[in-house]
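A short write-up of the structure that comes next.
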Amino acid sequence: MKLTCVVIVAVLFLTACQLATADISGGMRKHRALRSTTKLSRSPFDCSSPGAFCGLVPCCDSCNVLGRCGSGLHV
């Protein structure tokens, strides 16, 4: 009897945790969708030139170990 009660409480607790997590992640999906549309709307020429720092605007070529766009040791 005690084991049955413990199992029922555990199942209810895990179900409540999953429902709470689903509520929290629902808002993040909206932001992810917005982020993906802004990436798609970016023009292919919207990139940093060689020698610029790798950061918010992606490098046209690649980012090297020193954190700069262009040739050299790549990450």
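Cβ from N, Cα, C; glycine included.
Every protein chain considered, the tally of other Cβ atoms within 10 Å of the Cβ of Cys60 (disulfide bond) stands at 15. The disulfide bond annotation in Swiss-Prot covers Cys47-Cys60 (among others).
Reduced to three states, the DSSP call for Cys63 (disulfide bond) is strand. Taken from Swiss-Prot, the feature disulfide bond applies to Cys54-Cys63 (among others).
With a 10 A radius on its CB, Cys59 (disulfide bond) counts 18 other CB atoms from all the protein chains. The disulfide bond annotation in Swiss-Prot covers Cys59-Cys69 (among others) and is backed by a curator's inference.
The cysteine amide annotation in Swiss-Prot covers Cys69. Secondary structure at Cys69 (disulfide bond), as computed by DSSP, is strand.
Residues annotated as signal peptide in Swiss-Prot: 1-22.
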Distance, Cys69 (disulfide bond) to Cys60 (disulfide bond) (CA atoms, angstrom): 7
Candidates Cys47, Cys54, Cys63, Cys69: member of the disulfide-bonded residues with the richest Cβ shell (10 Å): Cys69
